[in-house]
Amino acid sequence: MSSSEQTFIAIKPDGVQRGLIGDIISRFEKRGYKLVASKLVSPSKDHLEKHYEDLKDKPFFPGLVTYMLSGPIFAMVWEGRDACKTGRSILGATNPLASAPGTIRGDYAIDVGRNVCHGSDGVESAKKEIALWFKPEEVQKYKAAQFDWVYEKA
Ligand code: GDP
Ligand code: MG
């Protein structure tokens, strides 16, 4: 498991409006993950439909796209060992009522249609999502000063 695995994490419009950006960044930082890209954006309907294209046949798809269009989204790329799977466990279960306390959704959300955050569900989807949301030059490469304090081995 590489310490350079990357995941796409986004704070959805409700999370931005509710003032949760700082806390969500802080949870990933404190865990030891490295921020390599971030921006506050208002993507087009086409962009959001592409992001969620696997769900286009679901009955909640139109509502999901409307929700994602309802305000700015804070998009990020986080890097570190097992970033995709561990990122998902930091977010909590899709349905916040099933999310454990201590997770982002378990602490801040109730309805599945207002679940505050997005995280890639695997390495392959992370690659696709990072390429959709960021230009290559927007994703930084650097060694975090804390690297040797977080990892026993690279
Ligand atoms: P995620 O990977 O945990 O975000 O979950 P999915 O990829 O399955 O779904 C994407 C997003 O669609 C979720 O985060 C929710 O915002 C929304 N969603 C999923 N299932 C439902 C549902 O049953 N009802 C509604 N209203 N929204 C849903
Ligand atoms: Mg998903």
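Backbone N, Cα and C atoms are what each Cβ position is placed from, and that goes for glycine too.
According to TrEMBL, the feature domain 'Nucleoside diphosphate kinase-like' maps to 4-141. Marked as ATP binding site by TrEMBL: LYS12, PHE60, ARG88, THR94, ARG105, ASN115. Summarising the annotation, TrEMBL assigns active site, pros-phosphohistidine intermediate to HIS118.
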- Item | Annotated binding-site residues LYS12, PHE60, ASN115, filtered by Cβ under 6 Å to ligand 1 | PHE60, ASN115
- Task: Taking a cut-off of under 6 Å between Cβ and any atom of ligand 2, tell me which of the recorded positions LYS12, PHE60, HIS118 pass.
- Result: none
- Compile a sequence-ordered list of residues in the same chain as HIS118 (active site, pros-phosphohistidine intermediate), six or more apart from it, whose Cβ lies below 8 A from its Cβ; state 'none' when nothing qualifies. PHE8, ILE9, ALA10, LYS12, LEU91
- Where's the emptiest Cβ shell within 10 Å among the binding-site residues THR94, ASN115? THR94
- What is the Cβ neighbour count of PHE60 (ATP binding site) at a 10 Å cut-off, with all protein chains included? 11
- Query: Does DSSP put ARG105 (ATP binding site) in a helix, in a strand, or in coil?
  - Reply: helix
- With an 8 Å cut-off on Cβ-Cβ distance and a minimum sequence separation of at least 6, pull the same-chain contacts of ARG88 (ATP binding site), or say none. GLY119, SER120, ASP121
- Message: Give me the long-range Cβ neighbours of ARG105 (ATP binding site): same chain, 6+ apart, Cβ under 8 Å, in sequence order.
- Response: LEU91, GLY92, ALA93, THR94, PRO96, SER99, ASN115, VAL116, CYS117
- Task: Check ASN115 (ATP binding site) against DSSP and tell me helix, strand or coil, would you?
- Result: coil
